[in-house]
Amino acid sequence: MTLHQRNQSLQVEKRRALQQLRSKDQLLEKYIFMAQLRTRNIALFYKLVIEHLQELAPVIYTPTVGTACLEYSNILPYLAEPGVPDGLFLNKADLPNLHKVIRDYQPFPNFSPQIAVISDGSRILGLGDLGLNGMGIPIGKLQLYVAGAGIDPRRTLPILLDLGTNNEALRNDEFYLGQREPRPDDKEFYSIVDTVLKTLKDVYPDMLIQFEDWSSEHAFGLLERYQHKMLCFNDDIQGTGAVILSGIMNAIRRVQSESGVNPRDHRIVFYGAGSAAIGVARQIQEYFMIDQHMPEDQARRLFWIVDSKGLVTLDRGDKLANHKVYYARKDNQGKQVKGLLNVVDYVKPTILIGLSSVSGAFDTHVLQRMAKLNKQPIIFPLSNPATKAECTFEQAMQATDNRVIFASGTAFPAFTLPGNNKTIYPDQGNNMYIFPGLGMGAALARPAIITYRMIYVAAKALADSLTPQEQQEGYLYPALNRIRQVSAQVAAAVMIEADSSKYKSKDAVSRYVQSQMWNPDKEDPAIISKI
Ligand code: NAD
């Protein structure tokens with residue numbers, strides 16, 4: 001069969017699969033259909049995902065993967081063909097023979113993974129502790145690495161570290177496939193994770209490890225413990241920080257060119273002071289320090305953080321959690337400010353970012369006040385899912401006479417301007433803009449560690465990736481259907497940062513990355529049938 005004929009038939013097969021997929025009403029049915037398709041014909045699966053990413057990312061990843069994880073033990077036996085392994089499950093019983101267990105996991109001949117995504121299932125999306133059922137997340141995330149940046153699917157390793165679950169309902173569920181015991185204490189936890197990571201590094205020294213959906217109490221600790229020792233990063237913390245930083249960079253550029261706001265004059269209020277808020281604030285602060293050459297202390301003072309008790313200040317009278325202390329204000333002269341509207345009046349922010357999970361917190365009063373203070377208020381309600389968002393796109397447009405510069409954490413419908421029928425599409429700070437390119441860059445350049453600078457240049461490359469038309473139309477993020485092009489630019493920036501003596505011209509490196517991307521159309525059909 002010639003390549004041309006085969007492409008044609010893969011094209012027809014794709015249309016057939018798409019028709020089947022679209023005939024299913026329930027998202028979970030679509031998820032199961034896709035999982036089964038992947039074990040039968042990996043090339044067809046990825047051709048569908050790559051060419052219909054906007055339609056299929058919500059099926060193979062959020063929000064559907066959340067439902068799939070809730071049901072994982074119930075559906076797992078029907079997802080894959082018998083004998084086709086679907087990720088590496090590790091538990092305490094594997095520890096004495098861990099090298100062998102990891103080496104023996106050979107989903108493909110001569111398996112040599114470039115990227116592993118590892119979770120312990122302890123904080124799956126906003127769904128809490130799902131134990132072993134969290135495996136849907138590493139699997140889905142790695143599919144996005146393949147679709148978004150062209151990592152070879154045969155070189156990905158999803159890992160679920162099953163250390164039990166504190167979810168009692170799961171432990172008592174007769175179909176639950178995981179360990180039916182409570183999670184270990186911190187001492188045992190860190191000792192096990194140390195062993196697992198050390199062994200993974202022994203067996204696959206060049207592999208990038210991405211931490212995903214670990215409980216907040218461990219996520220920062222794990223990152224601090226390993227980020228300077230091995231090739232790893234945490235997407236919830238660093239990926240989110242980078243993608244939001246990128247949107248903020250473009251928002252700052254826009255209000256500078258359209259309203260003349262000096263970037264150094266921004267004042268930023270964070271509503272919510274959890275791990276996401278602090279992670280994002282730290283990344284945005286880097287922009288002011290690196291791009292705007294501000295000393296650290298001056299850059300830090302551009303941030304005001306609000307938690308459930310009001311503005312976070314050093315003299316508020318309560319014991320602040322460690323992660324809030326860095327941004328706690330000490331210039332408040334004893335004044336304590338409660339309520340977001342009062343904080344907005346007090347700070348007069350140019351940028352308002354929501355990471356609180358408090359639905360509707362950016363109410364009409366707050367939005368109108370932002371619009372009164374700023375010609376182009378920058379407002380990012382980032383809480384997920386849509387039911388938790390601080391405001392919708394429509395509310396933000398209506399309350400600001402359509403002047404808002406907006407990005408959300410969840411996808412909102414487009415808004416049609418009254419009168420002239422012009423439709424405006426809201427931007428979404430989707431982590432998918434960063435992690436695939438970051439992973440591909442690391443897989444190709446193989447640095448010893450992922451540095452802060454690499455995350456920063458990844459964010460900047462994303463901000464710089466807008467086409468002139470996207471810029472002209474006021475977008476903060478590129479079109480998702482250009483994801484592979486964008487990922488190549490992100491990867492190139494990471495590679496140049498990793499080794500500027502080896503990788504130089506951004507365009508040339510970006511072309512090289514594109515040439516290295518796995519493409520289902522180029523697969524030998526004889527090989528496809530075996531994978
Ligand atoms: P978290 O529970 O650690 O933090 C929530 C914070 O909100 C806490 O500091 C809490 O004090 C504060 N808060 C709660 N009620 C409040 C109130 N009434 N007023 C002011 N502050 C209040 O959660 P997290 O992991 O930091 O995530 C927060 C949100 O960010 C979630 O909705 C999550 O989905 C979203 N998120 C979005 C993205 C993205 O868009 N890419 C990425 C990560 C997290």
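Quick reminder: no glycine exception, Cβ is built from N, Cα and C everywhere.
Note that the structure is predicted; figures quoted are calculated from it, not measured.
Here TrEMBL flags 38-227 as domain 'Malic enzyme N-terminal'.
Annotation comment: TrEMBL describes Y61 as active site, proton donor. Other C-beta atoms found within 10 angstroms of the C-beta of Y61 (active site, proton donor) number 24, with every protein chain shown included.
For N384 ((S)-malate binding site), other Cβ atoms within 10 Å of its Cβ number 18. Taken from TrEMBL, the feature (S)-malate binding site covers R123, N384, N430.
Look at TrEMBL and you will find K141 tagged as active site, proton acceptor. Neighbour density for K141 (active site, proton acceptor): within 10 A of its CB lie 26 other CB atoms from the protein chains shown. Under the DSSP three-state reduction, K141 (active site, proton acceptor) is assigned to helix.
Feature annotation from TrEMBL assigns divalent metal cation binding site to E212, D213, D236. Long-range Cβ contacts of D213 (divalent metal cation binding site) within its own chain (separation 6+, distance under 8 Å): S119, G121, S122, R123, I124, L125, G134, I137, D236.
What TrEMBL lists as domain 'Malic enzyme NAD-binding' is 237-499.
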Those recorded positions in Y61, R123, E212, D213, N384, N430 whose CB falls under 6 A of ligand 1, listed in sequence order: N384
Nearest recorded site to N384 ((S)-malate binding site) by CA-CA distance, among recorded positions Y61, K141, E212: Y61
Residues near N430 ((S)-malate binding site) in space but at least six apart in sequence (CB under 8 A): V243, Y477, L480
Span of the (S)-malate site, taken as the largest CA to CA distance across R123, N384, N430 (Å, rounded to a whole number): 19
Residues satisfying Cβ distance under 8 Å from E212 (divalent metal cation binding site), sequence separation of at least 6: V117, I118, S119, I137, P138, K141, N234, D235, D236
For D236 (divalent metal cation binding site), the number of other Cβ atoms found within 10 Å of its own Cβ: 21
Divalent metal cation site, defined by E212, D213, D236: further same-chain residues with Cβ within 8 Å of the Cβ centre: S119, R123, I137, F211, W214, A219, N234, D235
